[in-house]
Amino acid sequence: MILLGPPGAGKGTQARMLEEDFGLVQLSTGDLLRAAVAAGTDAGRKAKAVMEAGQLVSDDIVLAILKDRMAQPDVARGIILDGFPRTAAQAAALDALLAEAGQKVTAAVSLEVDDDAMVARVSGRYTCAACGEGYHDEFKQPARAGVCDKCGGTAFKRRADDNAETVRERLTAYHAQTAPLIAHYDSQSVLERVPAMGSIAGIRAMLADIVGRVSA
Ligand SMILES: [Zn+2]
């Protein structure tokens, strides 16, 4: 399974639930690289040299590491790829790699968000400076204005990257980067669009539905 979704769509949470519910294993590119480097495999040594030279690890090396990882028994029930592929070329290379192993992408799940609602959700967040309790301009204000419900603190802080403009930019970049992948998997009829603005439990149920359907 390929999992696609912008920052804030709950990708990490849902991936963990898919692991719990179905015994799938989530593999992110970063984790794969770190593990391969630590294990000192052929591809891991190549990746290490490239990274030490301050360069980006090539698709070939990432695919070689993924191939090694896919051969291990703990991923027999299936994997969730997160952060790879990022381009149509990588998606095509992944298809070829899977085909060699007699496998394929069973589902490419796109967690779909409403951009405007996302901006409102993320950019309204702030926390108590003393105890870290989370608040939101629209959805969760303290009972007494300016006083933390939990500790009575009166100082609050906002993350600099949680402002509306930054969130909007992240979403625009995400859509631009993901459009070719969406098209790639749509053309293979494995694309599953999941509305991701609802409850965590609701999204979990929709994903369970998809896994049940595609693995039947
Ligand atoms: Zn507080």
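Cβ coordinates are placed from backbone N, Cα and C, and glycine is handled just like the others.
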According to TrEMBL, which of these ranges is region 'NMP': 28-57, 118-147, 178-207?
28-57
Using a 10 Å cut-off on CB atoms, tell me which of the binding-site residues Ala9, Cys128, Cys151 is the least crowded.
Cys151
Apart from its near flanks, which chain residues at least 6 from the ends of the region 'NMP' (28-57) lie with a Cβ under 8 angstroms of it?
64-66, 68-69, 82-84
Give me the count of other Cβ atoms within 10 A of the Cβ belonging to Arg159 (AMP binding site).
12
